[in-house]
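Chemist: Swiss-Prot lists B:1-30 with the feature transit peptide. Feature annotation from Swiss-Prot assigns active site, acyl-thioester intermediate to B:Cys130; the stated evidence is similarity to another entry. Taken from Swiss-Prot, the feature active site, proton acceptor covers B:His385, B:Cys417, and the record attributes it to sequence analysis.
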Amino acid sequence: MPVFKAPFNGYSVKFSPFYESRLAVATAQNFGILGNGRIHVLELAPGAPGVTESVSYDTADAVYDVCWSESHDSVLIAAIGDGSVKIYDTALPPPSNPIRSFQEHAREVQSVDYNPTRRDSFLTSSWDDTVKLWAMDRPASVRTFKEHAYCVYQAVWNPKHGDVFASASGDCTLRIWDVREPGSTMIIPAHDFEILSCDWNKYDDCILATSSVDKTVKVWDVRSYRVPLAVLNGHGYAVRKVKFSPHRRSLIASCSYDMSVCLWDYMVEDALVGRYDHHTEFAVGIDMSVLVEGLMASTGWDELVYVWQQGMDPRAS
Amino acid sequence: MEKATERQRILLRHLQPSSSSDASLSASACLSKDSAAYQYGDDVVIVAAQRTALCKAKRGSFKDTFPDELLASVLRALIEKTNVNPSEVGDIVVGTVLGPGSQRASECRMAAFYAGFPETVPIRTVNRQCSSGLQAVADVAAAIKAGFYDIGIGAGLESMTTNPRGWKGSVNPNVKKFEQAHNCLLPMGITSENVAHRFNVSREEQDQAAVDSHRKAASATASGKFKDEITPVKTKIVDPKTGDEKPITVSVDDGIRPNTTLSGLAKLKPVFKEDGTTTAGNSSQLSDGAGAVLLMRRNVAMQKGLPILGVFRTFSAVGVDPAIMGVGPAVAIPAAVKAAGLELNDVDLFEINEAFASQFVYCRNKLGLDAEKINVNGGAIAIGHPLGATGARCVATLLHEMKRRGKDCRFGVVSMCIGSGMGAAAVFERGGGVDELCDVRKV
């Protein structure tokens, strides 16, 4: 299975929506607490178990998240610790990058997500308690969403409705927004502790999952949001990221400060269907490929990026 | 640098323990890791530890005090100190050695009523000889850990005035066939002589240990260090000549001799062996006294807003040669420390019962312990050794000293040798003033 050793601690990993063999990794020096960051663009060697770096970009501060554009195969967007949002074009040489940089967030930008349906906009969420909406052709943010009372750790677009997104915050609420509405359309007090991540189901546009400091992943249906559809217990520490599978309706991947990556089927009685303990430090980034079914990638503070097929051992070589 | 501190704070908040522990089932798979995350809320903590003064048997301030009154004093003190509702206590376990078994059990039950405990709170005794008070604390900690109840009291009681030592009845003739069984009959002083002889502990070393014990205990008393842990006892004293009763309040140990010197001790004759080294001066004193420790689950303590005095970590009881029973701590302490995942060097403070100076010196040297860390406020040679109460007394003394020392003192150990050849030891961690609770382990 491909493994990549980065010089800094990993924070996020994302598969390209255009190329099966390409992924981007966000990393930060000194665990993202102090120092520089770097974005790596990796290529998986066809057939053979190997991974190579095709290009990397240095940043003055930690890179907490990265995402690919859904409209241009070579465009990357990064969430930076100094509050900036930077756009890179991997088709251009490093000196030409970033091609644009926005400095609007007052504090660390924690997540970035590209709109998969409209393909012309993206969201960023920040420790300044806000979420911002950006359009690729605008010089500044289009809008700022200000209802959260603490760090917003994730903002993610609904896979089917181009104007709807969800945001997860340390204020213990999950909020559903429609960019056409003045305020959030729904507030779900999803956990008693900080919510670190959320993701929409790819097959049912009303279902989403949240992960929290309380060590659980919860699955919610916005049509009956008072009680979660499922509560997934099994992680030993806060669950840092949660991701729905693009290929199986009820499959969820999560990664945690307990250094493990878990696979869950929330519609099954015994929901934990797999656990991978390949990381030797906090596991903080997880992604599933939309182009290759069952292909997963994870990264953690052990400076490693693993890519493996579901059911296999990530460390096998 | 402020930015780094702020980021660190935000990250650490992700790692805070979730105190609302899920009651729901946890999913699991064959791939599960073999150890679950550590749950701080389940710790067994001590929120109060009290003792009476320890007074000389037959001649001291408690010579006319009923044993159950001593126990009632410390039980009442725990309740008054913490404002815990006595009916919430799940059990009281009392270490006690010399009182006749069923009578002593009834006396303890009576003492609980004197102290204001309702009939719904059960009580029982435990006898593991000189470690009975510590065994009581360990039994309660184990019961809380097992989930039998959330709040319990481990206590100790002894009145060597009322119940002097001695073997009652005859001895099974089979004892001649088994040397170790026969050695269980040895007077404790003979085992002390055996330790001194076999391990070359000199008379001078023993006397020096006794001088140190008295000096440190006198200093601690004078500086008021025992004030927080000693519960004053209102009782009476009877004049032996006139029979007149006089009410008194006892709040100071009365066996401590500040003027003890090496030359003074050198004049004493060995008591157990003609050319021996064990004397009345370098042996623990026969005493009357009681102690009690209030334990509960950490979750409960936090919910009640009670300051945590200490955390009960591990307990070990071990067996050793009855002929040299005094070496018990040298075997028990490493076992308890290892069970806690620590090294001897990690332990900042020791309370090792000074049954006899010979075994105390031997254990200290055998384990290579820093004398500055042991019995820093004196030990049983000065303060006294009311057999069943000593364990609870030592816990109270240890935790109060750890609290005074603050961050310089994180782990403490209580240990004693046990007649008929055993040792017991327990590891405690200081509970108050530590860093904010966090799942992150320091590297």
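From the backbone N, Cα and C atoms, a Cβ is placed for every residue, glycine too.
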Chemist: Which secondary structure state does DSSP assign to B:His385 (active site, proton acceptor), in the simple three-class scheme?
Modeler: coil
Chemist: Using a 10 Å radius around its CB, how many other CB atoms surround B:Cys130 (active site, acyl-thioester intermediate)?
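Modeler: B:Cys130 (active site, acyl-thioester intermediate): 30 neighbouring Cβ atoms within 10 Å.
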Chemist: What's the CA to CA span in angstrom from B:His385 (active site, proton acceptor) over to B:Cys130 (active site, acyl-thioester intermediate)?
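Modeler: About 8 Å separates the two Cα atoms.
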Chemist: In the structure shown, with every protein chain counted, which of the active-site residues B:His385, B:Cys417 has the densest set of Cβ atoms within 10 angstroms of its Cβ?
Modeler: B:Cys417
Chemist: Take the C-alpha atoms of B:Cys417 (active site, proton acceptor) and the residue listed as 'active site, acyl-thioester intermediate' and report the distance between them in angstrom, rounded.
Modeler: 7
